[in-house]
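These come from TrEMBL:
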ACT_SITE  ASP307  active site, proton acceptor
BINDING   GLY188, ARG251, GLY252, GLY276, ASP277, GLY278, THR279  ATP binding site
BINDING   ASP277  Mg(2+) binding site
BINDING   THR305, ILE306, ASP307, MET350, GLY351, ARG352, GLU406, TYR463, MET464, ILE465, ARG466  substrate binding site
DOMAIN    182-487  domain 'Phosphofructokinase'
SITE      GLY278  site 'Important for substrate specificity'
Amino acid sequence: MDSVIAPLCLFIPLNCNNNKKKSYYCYYNSNHILNISTKNTTRFSVPSSAGIFNLKKFTAVSFRYDHRYRRGRSGCLRRAVMDSSNSASSPDMQKPKIVTGPGGYVLEDVPHLSDYIPDLPTYPNPLQDNPAYSVVKQYFVHVDDTVPQKIVVHKDGPRGVHFRRAGPRQRVYFDSDEVHACIVTCGGLCPGLNTVIREIVCGLYHMYGVKKVLGIDGGYRGFYAKNTVHLDPKVVNDIHKRGGTILGTSRGGHDTSKIVDSIQDRGINQVYIIGGDGTQGGAAVIFEEIRRRGLKVSVVGIPKTIDNDIPVIDKSFGFDTAVEEAQRAINAAHVEADSIENGIGLVKLMGRYSGFIAMYATLASRDVDCCLIPESPFYLEGPGGLFEYIEKRLKENGHMVIVIAEGAGQELLSESIQSMTLKDASGNKLLQDVGLWISQRIKDYFTKQRKIPINLKYIDPTYMIRAIPSNASDNVYCTLLAQSAVHGAMAGYTGFTSGLVNGRQTYIPFYRIIEKRNSVVITDRMWARLLSSTNQPSFLCLKDSIEDTGDEEQSNQLLANGHCGEEDSLISKI
């Protein structure tokens, strides 16, 4: 049978005669040649010049009715096969796999290769012959093992949402010799990136005997714009001792069509993507395009964000290291402030939208008098404002330490309206330097208005924190994340992120990772613990505090002039 070149939009009619059922099958190659055959075809012949990518690894994909089909006048089902360059904007997204059970049990399952590629062969898991696992009583995770998202429930309440437990399965969907994996790191730096890379490579090599692993140089654009790096245990042996990423990273550069074309051309069938919520969103689009083309390729995400703002998971790797290193900066600020009259140490920490690093570093250090984060609005002048509190602390202790997250107080900056419209390559809003701005405002207020001499020392350790190697706890966590990702890919799971939920490794569907941003809830107990530790005011008007009781999605007034009037207040959703 001859090959047919697929146009930009090709309608393929499925047989409408119930008496003569005929399934159509498609095979894609890297040049977008669409080869169609019927189920009763005994031989599948294509010209050698067609360049079919690794045809033996492909399984025929039978079209089935879903939201992507439309019915013609004759009642036949027709499917539009769109050009892959438009896939990123296409609403061709897979519906969530939901399993329900008694007592309100809901399993939000992750996709599997067998969902869209039928009759895939399976193989015995090599771990059953691995000496390292010979001491384990139960080699493999049971098919029904799940992990609840919420463990604190009422006795009469529903069992809630569960995720599939991570770990090795008894049968795998990849033969070790056929696996060709790749690893890519995207977005900003974070402690532990090299550890994750190392453990993915070593996990594939030592546990499953995989010898072909590529590193994609320079983030997403590295798939089509840069060279690859061969990775093996010898190459990655000691990279965990270094900060940054040996693969390089970048923001943006996500061209879905080019990326998936590159995956096909290189014969890659396992893709490990390390990055934050934006990167995981890109991974979800890549997975959808791979699924649309019917490729036997597992797409796995490892969540990375130093701000700890990815939802569902307990925490992201590198966060413990960031908090530990932030304490060093806070300690230095405390020494400087305590050594001089009216000394103020101001430390700016990371936290574009979420103030977890600032909050946990404050709780850990015990030297901080005031912590300012994006989720908790504050105002400067007037009764109950920041300036009044600073003056009070200076009179009581003679010195003060302030920690501020980079995203805090952006509404108060003079150029905030302009800054709202500027974004970086990843689509993140470009923020003004709140540390420098508030330092100058504090100096001007006390020296010009209050005539009180102060000595303010400003410390910004942002890039020092994220560029260091991960500490011991993060190294262990990175190992668990990486090995869980490898187990999941070998078991045929795809379109998922490996993450820790309630202390257990789980597989989380992409849509849950990218649906919202994790943030500090200032009506929660943890923020109350911080306020109790620092003895700082909440900087909320009394009226707001009363109205906001019991509501996690509250509106708080941000007052630039310190007055609690409704006319000049700015409302911010927390």
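Even glycines carry a Cβ here, placed using N, Cα and C.
Note that the structure is predicted; figures quoted are calculated from it, not measured.
Feature map: annotations from TrEMBL on the structure.
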residue : record                       : Cβ neighbours (10 Å)
GLY188  : ATP binding site             : 21
ARG251  : ATP binding site             : 19
GLY252  : ATP binding site             : 16
ASP277  : ATP binding site             : 22
GLY278  : ATP binding site             : 19
THR279  : ATP binding site             : 28
ASP307  : active site, proton acceptor : 30
GLY351  : substrate binding site       : 29
GLU406  : substrate binding site       : 25
ARG466  : substrate binding site       : 20
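Of the binding-site residues GLY276, THR305, MET464, THR305 has the largest number of other Cβ atoms within 10 Å of its own Cβ. When Cα-Cα distances from MET464 (substrate binding site) are compared across the binding-site residues GLY188, GLY252, GLY278, the shortest belongs to GLY188. Among the binding-site residues listed here, namely GLY188, GLY252, GLY276, GLY278, THR279, GLY188 has its C-alpha nearest to that of GLU406 (substrate binding site). Put simply, of the recorded positions THR305, ASP307, GLY351, ARG466, the one whose Cα is nearest the Cα of GLY252 (ATP binding site) is THR305. Summarising model confidence by region, the domain 'Phosphofructokinase' (182-487) averages a pLDDT of 92.
On a Cα basis, the residue listed as 'active site, proton acceptor' lies 14 Å away from THR279 (ATP binding site). Note on proximity: of the recorded positions GLY188, GLY276, ASP277, GLY278, ASP307, the one nearest GLY351 (substrate binding site) is ASP307, by Cα distance. Proximity to ARG466 (substrate binding site), defined by a C-alpha to C-alpha distance within 10 angstroms, is shown by the following binding-site residues from GLY188, GLY276, ASP277, GLY278: GLY188.
A gap of 13 Å separates the Cα atoms of ARG251 (ATP binding site) and THR305 (substrate binding site).
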